[in-house]
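Below is one structure, written out as structure tokens, with a few remarks after it.
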Amino acid sequence: MEKGHDSSTSMAASELYTKFARVWIPDADEVWKSAELTKNYKHGDSTLHLTLEDGMDIEHKLDDKTKNLPHLRNPDILVGENDLTALSYLHEPAVLHNLKVRFTDSKLIYTYCGIVLVAINPYENLPIYGSDIINAYSGQNMGDMDPHIFAVAEEAYKQMARDERNQSIIVSGESGAGKTVSAKYAMRYFATVSGAATEANVEEKVLASNPIMEAIGNAKTTRNDNSSRFGKYIEIGFDKRYRIIGANMRTYLLEKSRVVFQADEERNYHIFYQLCASSHLPEFKNLKLGSADVFHCTNQGRNPVIDGVDDAKEMCTTQHAFSLLGINELNQKGLFQVLAAILHLGNVEIKDRDSDSSIIPPNNRHLTVFCELMGVTYQDMSHWLCHKKLKTAQETYIKPIPRLQASNARDALAKHIYAKVFNWIVDHVNKSLRATVKQHSFIGVLDIYGFETFEINSFEQFCINYANEKLQQQFNMHVFKLEQEEYLKEQIPWTLIDFYDNQPCINLIEAKMGVLDLLDEECKMPKGSDDSWAQKLYNTHLKTCSLFEKPRMSNKAFIIQHFADKVQYQCDGFLEKNKDTVNEEQINVLKASKLDLLVELFQDEAKVTSPTGTAPGGRTRLSVKPKEVRSGASSKEHKKTVGCQFRNSLAMLMETLNATTPHYVRCIKPNDLKFPFTFDPKRAVQQLRACGVLETIRISAAGFPSRWTYQEFFSRYRVLMKQKDVLSDRRLTCRNVLEKLVQDQDKYQFGKTKIFFRAGQVAYLEKLRADKLRKACVRIQKTIRCWLVRKKYLRKKHAAITIQRYTRGHQARCLVKYMRQTLAAITIQKFQRMCVQRKVYLQKQAAALVMQTILRAYMARQKYQGLLRNHKAVFIQKHVRGWLARQRYKRSLRAIVYLQCCIRRMKAKKELKKLKIEARSVEHFKKLNVGMENKIMQLQRKLDEQAKDNRVTSERLNCLETSHAVESEKLKVEVSKLKGIEEEAKNNANRVTSLLEQLERLRKELTTTQKEKKTIEDWATKYRDEMEKMVAELKQQNGLLKTEKDDLNRMIKEQSQQMTEKMTRALAEETQQLESDLNEERSRYQNLLTEHLRLEERYDDLKEEITLSVSVPKPGHRRTDSTHSSNGSECTYNSEFAESEESSRHGEDVTRGMDTSLTLKLQKRVTELEQEKSSLRNELENKEEQFQRARVRDDEEHKKSRGAELEYESLKRQELDSENKKLKHDLTAMRQSLLGNAGAGAGAPGSPPYKVLMDQLNSSCEELEVRKEEVLILRSQLVSQKEAMQHKDEKETMTEPVHYAEDVHKMKDSGAITQAYLGLKETNRLLEGQMQQQRRSYDNEVEVLRGELQSVKEENNRQQQLLAQNLQLPPEARIEASLQHEITRLTNENLDLMEQLEKQDKTIRKLKKQLKVFSKKIGEMGAGHVETISPGQMVEETVRPVNIPRREKDFQGMLEYKKEDELKLVKNLILELKPRGVAVNLIPGLPAYILFMCLRHADYVNDDQKVRTLLTSTINSIKKILKKRGDDFETVSFWLSNTCRFLHCLKQYSGDESFMKHNTPKQNDHCLSNFDLAEYRQVLSDLAIQIYQQLIKCMENILQPMIVSGMLEHETIQGVSGVKPTGLRKRTSSIADEGTYTLESILRQLSAFHSTMCQHGTDPELIKQVVKQQFYIIGAVTLNNLLLRKDMCSWSKGMQIRYNVSQLEEWLRDKSLMLCGAKETLEPLIQAAQLLQVKKKTDEDAEAICSMCNSLSTSQIVKVLNLYTPVNEFEERVSVTFIRTIQTRLRDRCETPQLLMDTKIIYPVTFPFNPSSLALETIQIPGSLNLAFLTRV
């Protein structure tokens, strides 16, 4: 371990130990604690002023003697590195801190330390061991991926294949550190990437052996619930192709003492507890077991149960593993008997007889059971358990032994039996895993203990530590060797590195007179003891060896200084454990057992093999037995001690390891409490020291641990160079810069390709780089801040000037305003004062005049009033009394009228409320409007009447006023008269006074009358207002009713729309689900096709191997399986026929077989045609009836045109009848000919039946063609004649028209004319009958319509009744009822629609089933895949009534070839065709067109044999060429395009109307006429799918090496991401060197793929699917590597990825492929890049991340955040709290826990129909194809 001064020697301490520098100081609790300097260190200072992370200030005193400074801390950007050797400062605290950060913060359990993989047990299941992770690491360089056990396994596998050298993976560590799991995952990796060479998977067998080995070799300890108490070395064998062929297991150090002793809180081996837990099962009843607490061997630990483990279930697993490895039930039963006997033996109680002897009580139950299970006698076993035999030269003595020795002998026997069982099981496991073929190489996996030290260390720990000393020596030498090789390779001066050599310690243990030698010597002494052995050790080594010490307080112990630590061993028990003696007579008793398995266990006791003896403390070791064993050496070998055996076995192990290339895995136990992801620094440091990791660091630090390539150094530290320093030669540039930056040239060395730095130099360079960047940042900040402040100042200055300008203007305006206001005020005051004075004067004047006027008026009125009162008193009384009476009457009348109005208003309100309720009904709204209008008119009339009454009242009032005026005039006259009698009035003063009083009373009454009049007027006004208000309210209510009506209508529409939208949405969801199911089904189907193709290839390979292994094939023909269908048999047969044409003899045999087969098929076809004829007649009758029923509902305008179609059907039926009769006659003749000449050569060419058959077939074909043309001409003439006769009546249609006669006379065949004429007459008669039937049907239809009309009327009445019922309901109930009625109506309509939909679905399913049944029947009836078109099918075809001309006899788009030229056609057109020339010079899809034109001719001549052989040969040849050149993308693309074009041609010219929509009339003429090739279309579709999948695999193989380099590693934007320091595991450089793939390489390759497919004429839709698959592969591979590479998860790398993705999108845009779905496949990668760039601090950031990353799984998001690594000091790491917040927010997501994307997914492909506009007759065959034997037809 390097000291503090070593870390400061890189440069002057004053430069490094400055203020703010961070250091490590020792700490008792945390081992090392971080601190920061608060003051610069100066040479000579004795203390350092530090500040801890918690803020506490301390003074750290330096050692007075050494003055060693504390270790410097690495920069933050180096913390968390994948490789510890990448750290600039290499020392213990840096290693510990780096492991802690990776383990606790980033949840990374693997870390490199040079060549060592450090694995920390997480105590939690992690999803990092799946097959997707294995595939991601397969083929990758070890430094290119994050540390993993798979990376080590891949490195070992790759070096084995590359260097032809065996490999070893050494897994070591403490108990519970995870050694067994690491070894298991390494073996799983080998089995996955290599594949087993045999049918039985060896990896599965090795994994199946794990439950067995864990049951018999694992136990619970205080540190581990499943601790392996033995070591093992598994050799996995490989053949020459590096496939697993077998395995072999060696075991070491079985802890036998655990069988009879366990410490507290520990258990015995699991198998004993499994047996006890299963004791209640019937098969274990005979073992007589019970609870584990009963037996002494299982209850000493006092804790027989492990939490979460069911021993009964584990027993079932163990039994299953035994069966899987070939251990039968009988042997299993024997094993369980022996193991149960060991438990019973442990309970045998031995008692003292006296002080020197012992005895077992008679009839001991446990001993009885032991003897029964072992098949031995009770007397012998009980006797020899308490006695021993002593042999001398003359006599043999039997001596009793005391109880203690007897108990030890009993325990030794139990341990010995268990060791034998263990060895036997391991032997059988190896037999099961043994390779059946020769082993070429192997990879060994060593799972063994690490260094151990406890409070009491005995012989077991001594042997374990001795083994670790040997392994550590081998490790040190290997590390030293690698360092030396690296230096020599780079040609730098080699200086000897001083490293710890533990050879003295090994010599102390194993050399002559060493510890083991003295121990063996003491064991040979008759009275040897542990004390005497200890004294010999003290005397021999105490003064001669510095590594050997004696404890001060003990004479029975010794101390050895191991490489890891000092260990004190207790001498007690060393001799006994080294001897490991067993009573020989007890073994003899067991050998005499009746149990066969027990005899087998001890049969080799006499003959000793290679070291298989027991190891210390009951630990045993099993090695491979030698082939030859000398019998003479048996006795000598039997006397070997345990130490000697272990030393020999360890020497063999080291010899094996030295012969291989080692790989090291060091497992670390992070804490003793088994808490997940909890790091205990003390325990970790202890293990790091013990396992040699820190020694590796020390060796690396002693040399040049930091290594950079020149390009990486230039890229990283370019900022430290000036422009003039940059030269074209990178090496010279780096040399010049380093000489300036680092003065001491011993701190670095220049190699051939790398620069080597000593420890601390990279940190110094990083400090310079950070200072330079910080200065640049400060300068940038200074400039920007200056610019911002100046901009702010100018903005403030401009604002101040503007404010001043506006303020001064405002003040000037205020002054002017003030002056104007002052002048105005003076003027106003002047005129106001004048007005006031004039007003006062005028007021006074007016007051005087008013006073005079009032006084004079008062005097006149007084006089007038006196006269008036006296003269009219009586008259006024009369009128006033009459008026009062009338007023009382009017008031009563008014009150009555008012009361009536109130009552009527109350009734009107009730009626209004009722009308309002009725107004809410939608159905009566219109009626309500009419009622409201009537009411409004009535109210208007009432209002007019009231106005009329008011006018009458007003007139009455006017009359009263007029009468009053008249009376006033009369009173005036009387007053004038009274003047004359004034004197008389004076005399009657009293009378005048009374009259004045009466006059005053009349005035009061007049005033009252005026008030009443005013009251009446007010009431009239009020009444008018109320009426107007009422009218307004009615209008408002009317408007509300209209609004409610509109709302209800809108609600109904909305509900209807919602129901429609709901149905549409449900339909869309169902459609989407169906599409998803279809895609899944299509994907499953295509995967099955892939598997079928793989099996076919496997079958072909096996067939080739069989063909090669069998030199002389047996003569004879091959038979096919009788269970094959006819289609499959013929396809296979034709394939064999096509392949066997190269041999003439064999070809003749096949030809004869083919002709015979054809004859037999024709015989079968004769019978089928007779049956078909009768079925066709029935079908014609059914079709005719269906045709008549279908025409019933047509109108009369189209009757005549339908008549023409009926004539066509009749003619067609007659034509088919005549053809069927002729076919029957011909086939009868063929049958007679064949039956009459049946014999051996009946089917041979040239025989009479064969000639008759061929002549009749040719004549039939020619006659059929002639008949077809004549019938077509006749049909067209009849149609045209029928159209010309539409204006004539039915009688005239019965006669023969002139034009018809003229057209008929043009025909040459008189028989055909007669037949056509008779058919026409018959057609006319049928027309008459059908017209009458149609008339009757029309009448029936009218009746049906009337019935429907009546039902509609009834429905209308029912609706009216329902409406009337609703009107009687309350308003709320009425609305609810109307809505319920509407909902019910819509529901019924929906149910009706759903019923119709279900009926249609049932009909479709029924038709599909019928179609399948018919297809099956047709396949059974027809010969091969090709089926001729039956007459029934011709009847079903819809023929348009068009004029069809005679076909031209010139070239019709067909190619004719002879049968013997078929192989030549296939060879020239498929097998030997070069795609490049065809794609460039000829039209796309030319081979497909040529093959289809040849197929058309075979169909034209009705040669089903030719059709089948051509199609079969084509398919097989395409498969053959793809198998041969399947790695060539151009070939695969070419045949994918041609296969799809051939498939489209079969569809386009199939005659199916759905495929003929886009055809020209000429193309329709070229349709296939005789064969339905639908089945072959399916075969071609399957072939196209297979070709597509092969294209994707070929494309993936080309793109795979480019993706990671181009998308991740290459810097598309130069200078954005700097290169971080790397360790020993160098990564791929991100700088573009020669041969390095870039993004441009990927884009060029994509363009090449696209242009190739376009040149080959691939369908555009298919190109889109290919591009989508390409982009998915790019995105998935890139994201997977991003998730497995910590160095790629940075902000700058996210920018690079987004830029690369934008370039890919631009490529899609250029190719017009943005809508193909390819961009969506990159969405996870885009979101991962965005995740690297977004802010990751607050809860708002977490919410934004959760909403943004919807295409990433939770595990992927957390993984990216954990891997996020700052490249520069200015970036910050993601806190653990933020990651937990993300996990909490994403907890409810429903998603798969898979971390990586599946790169093997292939989207299901579809082949949309793409018809060709190319006319077949225009295609020219170039001479370069060598197809001159084809003839154009």
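A Cβ is built for glycine as well, from the same backbone N, Cα and C atoms used for every other residue.
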Of 6-28, 305-327, 650-672, 1800-1822, the range TrEMBL labels region 'Actin-binding': 650-672
Chain-mates of GLY173, GLU174, SER175, GLY176, ALA177, GLY178, LYS179, THR180 with C-beta within 8 Å of site centroid, ATP: ASN121, ASN224, SER227, SER228, GLY450, CYS667, LYS669
Secondary structure content of the region 'Actin-binding' (650-672), with strand meaning DSSP E or B: 9 helix, 8 strand, 6 coil
Tertiary neighbours of ALA177 (ATP binding site) (same chain, Cβ under 8 Å, six or more apart): ALA119, ASN121, GLY450, CYS667, ILE668, LYS669, GLN687
In the chain carrying THR180 (ATP binding site), residues 6 or more apart in sequence that have Cβ under 8 angstroms from it: ASN210, GLU214, ASN226, SER228, ASP447
For LYS179 (ATP binding site), the number of other Cβ atoms found within 10 Å of its own Cβ: 27
For the domain 'Myosin motor' (79-770), the mean pLDDT of the predicted model: 83
Fewest other Cβ within 10 angstroms of its own Cβ, chosen from the binding-site residues GLY176, GLY178: GLY176
Binding-site residues compared (GLY173, GLU174, SER175) - highest count of Cβ atoms within 10 Å: GLY173
